[in-house]
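What TrEMBL annotates here:
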DOMAIN    A:90-168  domain 'YdbS-like PH'
DOMAIN    A:291-352  domain 'YdbS-like PH'
DOMAIN    A:416-492  domain 'YdbS-like PH'
TRANSMEM  A:18-36  transmembrane segment
TRANSMEM  A:67-88  transmembrane segment
TRANSMEM  A:238-258  transmembrane segment
TRANSMEM  A:264-282  transmembrane segment
Amino acid sequence: MTELADGRWHRLHPATPLLKGGIALLAILGIIVSNLRERLIEWIFPAVDCPPGVCDEDPFTLILDRYLLPTLLGILVLLVVILGLFWMSWRMHTFRVTEEIVEVRAGVLFRSHRRSRLDRVQGINVSRPLFARLFGAARLEISAAGSDANVQLAYLSSANADGLRAEILRRASGIRAREAAQSGEGVIASVAPDARANLADVARQRIAEFSAPELDPALAPPQSVVTMHAGRLVGSTLLSVGMLWFLVAIAGVAVAMALTGAGVFLFLGLIPMIFGLGSFLVNRIVKSLRFSIAATADGVRVGYGLLSTSNETIPPGRIHAVEITQELLWRPFDWWTVRVNLASHSTAKGAAGQRNTTILPVGSREEVLRVLELVLPGLVTDETRLLIEGGLAPARIDDGFTTSPRRGAVLRWFSWRRNGFLLHPDAVVLRRGAVWRSLTVVPTARTQSVAAHQGPLERMLRLAQVRLHTVTGPVTARIGALDVADASTLFREAAAAGVTAIRADRSHRWGSS
Amino acid sequence: MNSVTEHQHVAPSRLQPVDGEWRRVSPKYIVVDLVGNLFSGLFTTAVATLPAWLLGWGVWWWLLPAVVAVVSIVLIALTPRRVRSIGYLLRDDDLLFRRGIMFQRFVAVPFGRMQLVDITRGPLARSLGLAELKLVTAAAATGVVIPGLPLADAEELRDHLVALAETRRAGL
């Protein structure tokens, strides 16, 4: 247990003002120095006299000559005031972490006081921008559902940030409350039938018993289930649709060059575009190369970044929908992207500069299944594995999916054979698209509501649409062009499964079950 | 795997996923909806005449407001039916809501998912003693608004729903 979580008020890393305003300060210093350079040289080598009428008119010289002392004093006072303000704001910025809440007080003139319940944690992000990394500092962001509901602790020392994250997750999981409840009983009495949960519990209890201050998750880094290859990153970026348009534009320019002969200027116009493309590629690769996604006792940990690093932990039951999609040109390589819906909005960007909802930028089918296993524990078993693989493949007879009837082809020209759904006790799986294939998985424990729609054209065709409402995100779970009877079944079953799942759901306090 | 119903003789084309005693909204709400539709119809028709006034290129531009007026009149004529199509059903664990004739919509909201229940009243509805009940979940798409409830019913329903949501509370 880190001492920062002892329930008393603490201050942030002393270098915080420097880290927050550091780059601006450095830039201003740079400007001043570069402006003074000439004069400094002049001071050191006072050789040539200025011709009259040149130096005299420079207001800077005037100030130096006549008001040197007041100016210096003024600058000094200004510096002291600025430093004082920074020091004040750092002093006033305090936080505390208790058993139930995390609280932050900040501001000198405009005070703010934010209190957030730990059991409402949707995710914790530890990021280390390059500049802060040099100082051994890190930013901790505790996300809650809703916009602007996050608690940011910027900056903490790196080890403290890791320790605090572990402690907050431990408290949020409800382990502590459970330990308190059964403190009289032996450990053996608490053995749960689930062996996997057991292991985590034992590990956690050891941690609690020794309350080791040196505990650092970095000592035993979780094993990533995905390894990124530079070749795949470059390839997947180049084979995206946007990139295709870019190539088409270049080809167009080349043709225009050949036809008109006035080519060189057109080619010059392309150069900035090529530079832009290059920097985009380098940026993406630098950010994604060290991508890792791993299971921890407190949820999925997604990390990335080479220079500035970021590390997000999403506790179990905080992922509201998952979608596996494929760019058209990725099909020969069997590459897929995995996106998720989260209730919180982290300010940290995801890998490759994408939103942090892209949980796997690009991966093979095998890796997608492993990621799915992490984000929806319990869903990928030996039985469902085949079903999910069937969901990524073209439609087959008896692959478990209920698909659109033949007349659905009016609305789904190419995909009516594939367009279908699958009801699993824990999740609803929607399979869509023939050209742009996608597979959406919505855990029933996270569905907010279910809707069925039917318009006039659909009524003529005896079809209907079903939508599963989740929190806002990149994934929209809807499936159209279903037979009316199938749609009704899906609506009824999904609504009933949602109710059952709410009753059984314990992920709110994921460690206390 | 195609659906079984395709081979049956009588396959209903209308969406009716749940049977039950749907509770209707107050018939007085027809007046509210009618007035609202009348005003919006008049307004859009007036706006549609603008090109004819401003451009003045001939009689063809008057077709636009004519078409808009006809559509508005059809919408107004269908108002009573549309209001009658609004219904809700309280089941053991969730609330079902339906509306629409042409564009049908059925929504099921589990009680444990309700984040808040809102009652709003417009000036016209208030003069008729009606209120509107809005259910909010964590999903923006849920969008369940039950209009035209007598105020006493709306308040009773709200208290009932809040109490139910409390007993079945769950995380997000």
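Cβ coordinates come from backbone N, Cα and C, glycine included.
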Q) Where else in the chain does the transmembrane segment (A:238-258) make close Cβ contacts, counting only residues six or more beyond its ends and a cut-off under 8 Å? A) 266-267, 269-270, 273, 277, 327-330, 333
Q) What are the DSSP helix, strand and coil residue counts for the domain 'YdbS-like PH' (A:416-492)? A) 17 helix, 36 strand, 24 coil
**Q.** DSSP residue counts for the domain 'YdbS-like PH' (A:90-168), split into helix, strand and coil
**A.** 22 helix, 38 strand, 19 coil
Q.
Give me the DSSP three-state residue breakdown of the domain 'YdbS-like PH' (A:291-352), ordered helix, strand, coil.
A. 8 helix, 33 strand, 21 coil
